[in-house]
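Visitor: Here it is, the structure in full.
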């Protein structure tokens, strides 16, 4: 212990990470985010092979893609945020990384809907560790002047993870199909099973790099531990529920915006396979390429436009951006499943990906503008819990259930349009009607 500072030798002081080392930390967290998104979306890549192997309905596939993951991801989001304030954030991420990667690998050996669903639930539980602990680490290592850049590296990990899950996964799936699967001692895995096994194994190098991330020293706080963290969590949630009337329109729009996004992305591979006759591997490569390009571009443009609108004093700018993104999603998602040709469907999916990620800065920033500083961490966790529960919990399953009810290969395309239209009928009027109240509340919070 250094008696002059009260810090352990080599500890990093909050907000004063070493010049080059803090970027290493951001890069490792970004890679962890990439692996998390790959393990989350690899299920979408192999939806059609699993459907054929296990004879599943679209409703069951929707539950595997969304509901299973969302159950414990949302259930543990806020408690794990409290743990990130009380325990080693690096170790918390490492535990989550091991859990979600082992669960992904275990999916390779499942033979029924029930066992595969259980692995998706565990993936969600493991990944719930990453965002609260990762953001807390970044805030500790980066000063306010460059925190946004460190956070951007972390966020880009998600964009690249989505693209690589399909682009790299599609290429790997094609190779596995050509090879007839993956031969292991005593068993040969089918291509879709091998994809799960190999995707889960990506965590190992990230886990090794995470071992070299030092847990930053935290200033001594009386009573720091799980008890005070739980008390702070209760206080923060109490504030949110006491002001729920002011939050409700924004939370509703954010939740339904999530449904518009996941309703399409979770079924994107199936749309290209069933409607446009692509092989799953080729569909994966196409979706991945679009995701790597259009996804980050939409996020960047959405953030730039939000800053411009707020600078010009546009009333309720985050609400307007999410409403606009919903309209883009409605038009382009309808076109993807009903386009007369594959090139046209590809073009519309590009625009859809741009529009769906275009809303993300408004989602993140919008909640913060409504919340006093001392409650912003719990507000962010609550916002993402609602977003994920609605998006992954409802979007894929709603499309699957409607597709089963309609029947036929074209039922999926019609189901997507029905879900998107239903969301738009709520999002757009709510954004227009509530934006002035949103603006007034954000000004009141800023004024203290």
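Just so you know, the numbers here start at 1 and follow the chain as drawn.
Using N, Cα and C of the backbone, Cβ positions are placed for all residues, glycine too.
In TrEMBL, annotation is done automatically, which means it is predicted and not curated.
Straight out of TrEMBL:
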| type | residues | note |
| --- | --- | --- |
| TRANSMEM | 21-43 | transmembrane segment |
| DOMAIN | 25-438 | domain 'Major facilitator superfamily (MFS) profile' |
| TRANSMEM | 63-84 | transmembrane segment |
| TRANSMEM | 91-109 | transmembrane segment |
| TRANSMEM | 121-143 | transmembrane segment |
| TRANSMEM | 164-184 | transmembrane segment |
| TRANSMEM | 190-213 | transmembrane segment |
| TRANSMEM | 247-267 | transmembrane segment |
| TRANSMEM | 287-306 | transmembrane segment |
| TRANSMEM | 313-336 | transmembrane segment |
| TRANSMEM | 342-365 | transmembrane segment |
| TRANSMEM | 377-399 | transmembrane segment |
| TRANSMEM | 411-434 | transmembrane segment |
Visitor: What residues elsewhere in the chain lie close to the transmembrane segment (21-43), defined as a C-beta under 8 angstroms and at least 6 residues from its ends?
Guide: 12, 50, 64-65, 69, 93, 97, 100-101, 104, 107, 120, 123, 127, 130, 134, 137-138, 141-142, 150, 153-158, 160-162, 164-166, 169, 195-196, 199-200, 202-203, 206, 209-210, 212-213, 265
Visitor: Count the CB pairs under 8 A between the transmembrane segment (63-84) and each of 287-306, 313-336, 377-399, 411-434, then give me the winner.
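Guide: Answer, by Cβ pair count: 377-399.
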Visitor: List, by number or range, the same-chain residues at least 6 past the transmembrane segment (342-365) whose CB is under 8 A from its CB atoms?
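Guide: 159, 254, 257, 260-261, 264-265, 268, 271-272, 275-278, 286-287, 290-291, 293-299, 301-303, 305-306, 317-319, 321-322, 324-326, 328-329, 332-333, 335-336, 380, 383, 387.
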Visitor: Grab the same-chain neighbours of the transmembrane segment (91-109) for me: Cβ-Cβ under 8 Å, and only residues 6 or more beyond its ends, written as numbers and ranges.
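Guide: Distal contacts: 29, 32, 35-36, 39, 42-43, 80, 83-84, 116, 119-120, 122-130, 133-134, 137, 189, 193-197, 199-204, 206-207, 210-211, 215.
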Visitor: Considering only Cβ pairs within less than 8 angstroms, which of the stretches 121-143, 287-306, 313-336, 377-399 has the most against the transmembrane segment (411-434)?
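Guide: Selected stretch: 313-336, with the most Cβ pairs under 8 Å.
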Visitor: Report, as numbers and ranges, every residue of the chain located at least six residues beyond the transmembrane segment (247-267) whose Cβ falls under 8 Å of a Cβ in that stretch; write 'none' if there are none.
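Guide: For the transmembrane segment (247-267), the sequence-distant neighbours (Cβ-Cβ under 8 Å, at least 6 residues beyond its ends) are 41, 44, 47, 62, 65-66, 162, 240, 318-319, 322-323, 325-326, 329-330, 333, 336, 352, 356, 359, 363, 366-367, 370, 383, 386-392, 394-396, 398-400, 412, 416, 419-420, 423-424, 426-427, 430-431, 433-434, 437-438.
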Visitor: Cβ under 8 Å, sequence separation of at least 6 from the ends of the transmembrane segment (313-336): give me the contacting residues as numbers and ranges.
Guide: 249-250, 253-254, 256-257, 260-261, 263-264, 268, 271, 302, 305-306, 344-345, 348-349, 351-352, 354-356, 358-359, 361-363, 365-366, 369, 413, 416-417, 420-421, 423-424, 427-428, 430-432, 434-436, 438-439
Visitor: So which of 121-143, 287-306, 377-399 has the most C-beta pairs under 8 Å when paired with the transmembrane segment (164-184)?
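Guide: The listed stretch sharing the most Cβ pairs with the transmembrane segment (164-184) is 287-306.
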Visitor: Which residues of the chain, 6 or more past the ends of the transmembrane segment (377-399), have a CB below 8 A from one of its CBs?
Guide: 58-59, 61-63, 65-67, 69-71, 73-74, 77-78, 81, 85, 131-132, 135-136, 232-233, 236-237, 240, 251, 254-263, 266-267, 363-364, 367-368, 370-371, 412, 415-416, 419
